[in-house]
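Record features (Swiss-Prot):
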{"type": "BINDING", "residues": "H196, H198, E203, H245", "note": "Zn(2+) binding site"}
Amino acid sequence: MQICQSIHSDHARQLDTAGLRREFLIENIFVSDEYTMTYSHIDRIIVGGILPVEKTVSIGDEVGKQLGVSYFLERRELGVINIGGPGLITVDGQVYEIGNQEALYVGKGAKEVTFNSLESSKPAKFYYNSAPAHTTYPNKKITLAEAAPQTLGDDATSNRRTINKYIVPDVLPTCQLTMGLTKLAPGNLWNTMPCHTHDRRMEVYFYFDMDEETAVFHMMGQAQETRHLLVHNEQAVISPSWSIHSGVGTKRYTFIWGMVGENQVFGDMDHIAVSELR
């Protein structure tokens, strides 16, 4: 388990490139036949990937010990979105087949969660977020058709995109976790510009669908003290509540966003005009 501490905005503005990458970038999400896990002190979110190729992968008892509980989801909820081939997630004996760009929500208290691919030649890639939970809500599979879509932006500003909200109150109840997948329209490169912050929630962006020579310039920091990270395929960025989070790619890309915090109101944002950025 990789642990990322909370960091004050005054500290972050002093960091060089290596320091920013160390504090905010998760470089390695997928490892064959293993799970990865990054624990952030910011709202206690956990971020990672599970890539079952030749064998079943489960999050073991050692994680419970690190979290001070008997098992991973004893006091947590889990959201998973598959960006690879079709796979199976088994939750306490209940099997869910999860295809590409399909999601599964797992409620607090699930004791045994395992992950498999249907074909080792086209393995599933399960990207997940987990947040502390106070009660148990039902497990639920969400297909792309069942997600709540919202199209924003314009071709003229190169930010036309469709936000597919998988794990949000309009689709299913959760304690605090929300997740979705944003697809840019052909010829568009920007996400979330004009940008915003939300003091009530932190967020993690996971970028994918990028070839080796594609990169995203992910903008972060306070509006008057912006910085950037160069993000490559299947890497994630932790965004504190005080930071903007926006990106522009050298080519089109897709990203998954996940939020935890005070509320689940998607539109609760503090918008920032482009003219205010520095």
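Each position is counted from 1, following the chain as shown.
Every residue, even glycine, has its Cβ placed from backbone N, Cα and C.
Sequence features, as recorded in Swiss-Prot, placed on the structure.
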| residue | record | Cβ contacts under 8 Å, 6 or more apart |
| --- | --- | --- |
| H196 | Zn(2+) binding site | I244, M269, D270, H271, I272 |
| H198 | Zn(2+) binding site | S241, M259, G261, D268, M269, D270 |
| E203 | Zn(2+) binding site | S239, H245, W257, G258, M259 |
Three-state secondary structure, H245 (Zn(2+) binding site) (per DSSP): coil
All-chain count of other Cβ atoms within 10 Å of H245 (Zn(2+) binding site): 23
H196 (Zn(2+) binding site) in three-state DSSP notation: strand
Check: same-chain CB within 8 A of Zn(2+) site center, minus H196, H198, E203, H245: T192, C195, T197, R201, S239, S241, S243, I244, M259, M269
